[in-house]
Amino acid sequence: MALSESSRNALLPGFLYAAPATASPFAAAGGVGGRAVAAPSAAGPAVWARAPSEPGRRIEMYTPAFYAACTAGGVASCGLTHMTVTPLDLVKCNMQIDPAKYKSITSGFGVLLKEQGAKGFFRGWVPTLLGYSAQGACKFGFYEFFKKYYSDIAGPEYAAKYKTLIYLAGSASAELIADIALCPMEAVKVRVQTQPGFARGLSDGLPKFVKAEGYAGLYKGIVPLWGRQIPYTMMKFASFETVVEMIYKYAIPAPKSECSKNLQLGVSFAGGYIAGVFCAIVSHPADNLVSFLNNAQGATVGDAVKKIGLVGLFTRGLPLRIVMIGTLTGAQWGIYDAFKVMVGLPTTGGVAPTPAAAKA
């Protein structure tokens, strides 16, 4: 059955994403942005699809409204989730800075409760919310932009053949920009969370930080932050796309196009959680560096390696971070896809078309 015009417009971009069909819809669709596009082959991935009950499209692909929607979804997915897990982040940062005092997850919570009370668990939530909202806006918005940009540069054949490289390059480019937005708030957050008495929060913490180290000090941790976040985001997007494709291919008997939106959103969360475990592992050494540098005035990367040790960089606080980042990443993909469904966009992830569908 040939796809309708609205379904053809939902493909994202044409040579990377496709939905099963018995006829080649691209011959009459005019391609992406009016450019002729060849029909996907059997090897071409179908990463986006629509449930039968999904409402008609209200947002045109690759328009300012489309990128604005992706940006808004990124704000909701990153800012709210990071703020929610502030207590875990607080314990994790203190375990990295003072492992003698914060020996484990449970003892860390006990120490904080004893010294600061229940209110202390959310210390630093304002810079967390603002910083990660800005980061999420840039991360998801620019990822969609760069993914299409690099796909267009590669052309239909190579973009389909090297789709994972497209995901990796697009996510790395987006995170490079996103961390510039995040870095000042991350610096203040770590100082507030790991130095009791430094400040109550952002309103008094930011002026005190700038007075002590200047505005340039807010970006002292930018290189380690890139070292933490860029590998994290590359893993987050590329592994999510791969995991979700495998779930639909091997674990769910029905095609994605026949799955309900609730089931699709559940797959998004599951795929995001699994991707988050990988993200936590590859980015953890740099996370320890960021915490150390933002806590100690005038410290260098060499000081951090000497104090923590190479093994400590990879292992200190890792179990808690796996739980935190797995939950975060799963929730972020769930919220992001839920927002996209709400505004009429398709959910992320899918399976490649069958050879018969591709050849028909």
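Cβ from N, Cα, C; glycine included.
Remember, TrEMBL labels are computer predictions, not curated facts.
Within the model, the repeat 'Solcar' (65-149) shows a mean pLDDT value of 91, rounded to a whole number. Taken from TrEMBL, the feature repeat 'Solcar' covers 65-149 (among others).
The repeat 'Solcar' annotation in TrEMBL covers 162-246 (among others). Residue counts for the repeat 'Solcar' (162-246) under DSSP, helix first, then strand, then coil, are 74 helix, 0 strand, 11 coil.
Sequence annotations record features per position, and here TrEMBL assigns repeat 'Solcar' to 263-342 (among others).
Secondary structure by DSSP for the repeat 'Solcar' (263-342): 72 helix, 0 strand, 8 coil.
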